[in-house]
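For reference, the structure discussed in these notes is given below.
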Amino acid sequence: MKFELTTTDGDARRGQLTFSRGTVQTPAFMPVGTYGTVKGMLPRDIVDSGAEIILGNTFHLMLRPGTEVVKAHGDLHDFIQWQGPILTDSGGFQVFSLGDMRKISEEGVKFRSPIDGSEVFLDPEKAMQVQRDLGSDIVMIFDECTPYPATVHEARVSMELSLRWAKRSKDAHGDNPSALFGIVQGGMHESLRSESLKGLTEIGFDGYAIGGLSVGEPKEDMLRILNHLKTEMPADKPRYLMGVGKPEDLVEGVCRGIDMFDCVMPTRNARNGHLFTQAGVVKIRNAKHRHDTGPLDPTCDCYTCQNFSRAYLHHLDKCGEILGAQLNTIHNLRHYQTVMSELRAAIGKGELAQYVSHFYARQGKERPAIATQS
């Protein structure tokens with residue numbers, strides 16, 4: 001992987017990631033394909049959305065179908081018929097979300113499979129091997145996602161364990177030509193975040209992710225941590241904010257130097273009838289859309305908006321039709337890619353501040369005061 005930074009506007013960055021499988025313009029949003037599928041989307045739909053890279057999940061793919069099935073097809077790209085780059089997360093967050101079903105030790109994590117209840121052990125070495133078998137273009141280290149809330153002591157213990165696992169991940173990654181990203185932890189404590197980042201840069205990685213955010217903390221805390229880290233993150237490496245978020249979170253993240261994002265929100269919300277538009281969120285199952293013959297978003301060029309009315313989408317939602325979830329997802333993912341494209345263009349022109357003002361104004365909102373603090 002090669003990362004080239006082409007333009008900056010304040011703390012915001014525009015660049016390009018180059019892989020053997022293709023190029024990714026940054027800042028970029030990565031649709032989430034947890035089980036090897038972006039829910040409701042054919043591979044060609046993902047391409048049409050403008051996405052250049054997608055995300056898969058090591059934890060879930062390891063449990064089902066298993067790497068042997070994937071390898072029988074070549075690798076994950078061949079299995080799912082997506083020939084662009086793929087980032088796989090290591091499974092640390094999914095293990096964290098198991099709660100009392102898992103037991104963490106220095107060696108790794110022992111847990112019961114949510115599929116059949118069998119005992120499974122996952123450690124940095126296995127996480128690296130699984131991602132190698134999947135053929136990931138970007139591999140994530142195995143870490144512990146610091147719980148929220150966490151005291152300074154609790155966050156420190158978790159962060160230091162993640163650093164030791166980061167070193168083991170790097171050693172196990174070995175001669176794998178794929179990029180390897182470190183993950184900054186430390187909870188909501190700036191000093192621990194700095195310590196985590198320092199430890200990771202001493203080990204040395206191809207990119208650096210910020211983990212442990214979007215785990216239930218107030219927006220103020222997320223922005224505070226991003227403000228703290230934006231001047232400390234290595235300038236020549238890509239920066240990835242994991243699991244974030246709403247369109248406004250992408251905008252605020254980009255303003256703070258983030259290059260990469262992923263989140264299930266556009267796909268999950270689509271299936272629940274919450275659709276993102278230039279004018280704000282549309283709840284398509286609301287009765288007011290029953291007779292609306294207009295498009296969901298007249299400014300959008302997606303297949304859904306170009307061909308179907310709000311009334312039809314409302315009808316599909318009320319009937320529980322699969323096509324409704326599909327058309328909603330096509331739109332939401334295209335909307336996210338449009339926002340990213342607009343951000344890249346604004347950075348390239350040196351007009352990010354104007355774009356941010358316009359982004360909030362077209363939704364009839366004012367930018368939150370906390371977002372303007374640095």
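Numbers here mean position along the shown chain, with the first residue as 1.
Cβ coordinates are placed from backbone N, Cα and C, and glycine is handled just like the others.
The active site, proton acceptor annotation in Swiss-Prot covers Asp89. According to DSSP, Asp89 (active site, proton acceptor) sits within a strand segment. For Asp89 (active site, proton acceptor), the count of additional Cβ atoms within 10 Å of its Cβ stands at 31 [all protein chains shown].
The substrate binding site annotation in Swiss-Prot covers Asp89, Ser90, Gly91, Gly92, Phe93, Asp143, Gln185, Gly212. Residues within less than 8 Å, Cβ to Cβ, of Phe93 (substrate binding site) and separated from it by at least 6 positions along the same chain comprise Cys145, Gly211, Met242, Gly243.
Sequence-distant contacts of the region 'RNA binding' (243-249) (same chain, at least 6 residues past either end, Cβ-Cβ under 8 Å): 93, 211, 213-215, 222, 261-263, 265, 276, 335-336, 339, 359-360. Among the features that Swiss-Prot reports, region 'RNA binding' is placed at 243-249 (among others).
The active site, nucleophile annotation in Swiss-Prot covers Asp262. Around the Cβ of Asp262 (active site, nucleophile), 23 further Cβ atoms fall within 10 Å across all displayed protein chains.
The region 'RNA binding' annotation in Swiss-Prot covers 267-271 (among others). The list of residues near the region 'RNA binding' (267-271) in space but at least 6 beyond its ends in sequence, with Cβ under 8 angstroms from a Cβ of it, reads 31-32, 38-41, 325, 328-329, 331-333.
Secondary structure at His331 (Zn(2+) binding site), as computed by DSSP, is helix. Annotation for His331 (Zn(2+) binding site): same-chain Cβ neighbours under 8 Å, separated by at least 6 residues, are Ala270, Leu275, Phe276, Leu296, Asp297, Cys300, Cys302, Thr304, Cys305. Sequence annotations record features per position, and here Swiss-Prot assigns Zn(2+) binding site to Cys300, Cys302, Cys305, His331.
Across the region 'RNA binding' (243-249), the prediction's mean pLDDT works out to 97. Rounded to the nearest whole angstrom, the C-alpha distance between Gly91 (substrate binding site) and Asp262 (active site, nucleophile) is 15. Residue annotation for substrate gives Asp89, Ser90, Gly91, Gly92, Phe93, Asp143, Gln185, Gly212. The furthest Cα pair among them is separated by 15 Å.
On a Cα basis, Asp262 (active site, nucleophile) lies 17 Å away from Gln185 (substrate binding site). Ranking the binding-site residues Cys300, Cys302 by the number of CB atoms within 10 A of their own CB puts Cys302 at the top.
Nearest Cα neighbour of Asp262 (active site, nucleophile) among the listed recorded positions (Asp89, Gly92, Gly212): Asp89.
In this view, the densest Cβ surroundings among the binding-site residues Ser90, Gln185 belong to Gln185, judged by other Cβ atoms lying within 10 Å.
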